[in-house]
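Pulled the feature table from Swiss-Prot, pasting it below:
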COMPBIAS  25-34  compositional bias 'Low complexity'
COMPBIAS  35-46  compositional bias 'Basic residues'
COMPBIAS  93-110  compositional bias 'Low complexity'
COMPBIAS  118-138  compositional bias 'Basic and acidic residues'
COMPBIAS  158-170  compositional bias 'Basic and acidic residues'
COMPBIAS  184-208  compositional bias 'Basic residues'
COMPBIAS  212-225  compositional bias 'Acidic residues'
COMPBIAS  230-258  compositional bias 'Basic residues'
COMPBIAS  259-270  compositional bias 'Basic and acidic residues'
COMPBIAS  277-286  compositional bias 'Basic and acidic residues'
CROSSLNK  K283  SUMO2 cross-link
CROSSLNK  K305  SUMO2 cross-link
MOD_RES   S7  phosphoserine
MOD_RES   S9  phosphoserine
MOD_RES   S50  phosphoserine
MOD_RES   S64  phosphoserine
MOD_RES   S149  phosphoserine
MOD_RES   S157  phosphoserine
MOD_RES   T161  phosphothreonine
REGION    179-272  region 'Necessary for interaction with CIR1'
Amino acid sequence: MAPVSGSRSPDREASGSGGRRRSSSKSPKPSKSARSPRGRRSRSHSCSRSGDRNGLTHQLGGLSQGSRNQSYRSRSRSRSRERPSAPRGIPFASASSSVYYGSYSRPYGSDKPWPSLLDKEREESLRQKRLSERERIGELGAPEVWGLSPKNPEPDSDEHTPVEDEEPKKSTTSASTSEEEKKKKSSRSKERSKKRRKKKSSKRKHKKYSEDSDSDSDSETDSSDEDNKRRAKKAKKKEKKKKHRSKKYKKKRSKKSRKESSDSSSKESQEEFLENPWKDRTKAEEPSDLIGPEAPKTLTSQDDKPLNYGHALLPGEGAAMAEYVKAGKRIPRRGEIGLTSEEIASFECSGYVMSGSRHRRMEAVRLRKENQIYSADEKRALASFNQEERRKRENKILASFREMVYRKTKGKDDK
């Protein structure tokens, strides 16, 4: 019984593997046909191992060993089928030398790492390069994107105003425009003179023809009358031309004088600005040392003018202002109350100024108040005067009303 089982192993196994190869080549399935030679070799390896094992069983002579070999053979076949096909890049020997543990594989035969590790390394290197590039751009900058910073920075708005640059430009443009206007006027005057000459020549020709036609009847009288008329017309035209020329000459002179004055004033203002750029140009220079307008010296001069009762005054403000005026000091504005007049003057000398519109308003109020100062006695006199005047007016109105009522009632009684 033992030799029957042993005679089957090596030769039949080889023939069986050959038969399987033929069947795999014939079969239309893509999985078997696409299988690499590596799979075939692994099958042959497994078959040879099973053959050796079968030889051992032949020597021992046990039927149970044959059944075990068959189960082992089936396992080896299933393992060889489970193995994935080798990648195209990996050589044949390294693929054969790789050991498989279920589905996990480790390429100890080859020096090349798996593609996932290579990709990670590449990404890391790219990231490092990008970081270094960004650091370099942060230090040096990118002129192709942002451009270089200006070598000569623009002047500060406080130190250099655009109005100063516009003034000389305006003067040059005005001069050029005036020259163009002169040229246009001269060309127009030439055209007019040409037209006049043509008209004169045509009139003369017409007159000549008329003279020839009317030569038979009163030629002498007509010619003398026409000559007189021509002379009168010529004299009138000459006078008109002289007047027109004199007007033009006067206009040109006035324009030239204006230009010269404007140029000189602009030059002077530029020179003054260069000498003292912080000087205030809006205010006219005052020879006196006092800041602000002078207070009225005589309070009695207000009798001639109608009194303004100072509706903007606060209680006690008029008396305080009167004291300032008596002392000959400047009256402080509403925003400056709490400071002495000397402190206000020192602040203004050092350059502290109110905003423009508020400054103008407060100055106007201050001027009005300075002209409206009156004492307590004057106030009482004004109040009594106002009351008397009011009573007189009321009495007049009542008397007129009584008369009207009396007339109406009297007329009714008579009827």
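Cβ coordinates are placed from backbone N, Cα and C, and glycine is handled just like the others.
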According to DSSP, how is the compositional bias 'Basic residues' (230-258) divided among helix, strand and coil residues?
29 helix, 0 strand, 0 coil
Across the compositional bias 'Basic and acidic residues' (259-270), what are the DSSP residue counts per state (helix, strand, coil)?
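Within the compositional bias 'Basic and acidic residues' (259-270) the tally stands at 12 helix, 0 strand, 0 coil.
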Sort the residues of the compositional bias 'Basic and acidic residues' (118-138) into helix, strand and coil with DSSP and give the three counts.
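Residue counts in helix, strand and coil order: 21 helix, 0 strand, 0 coil.
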Specify the count of other C-beta atoms within 10 Å of the C-beta of S149 (phosphoserine).
8
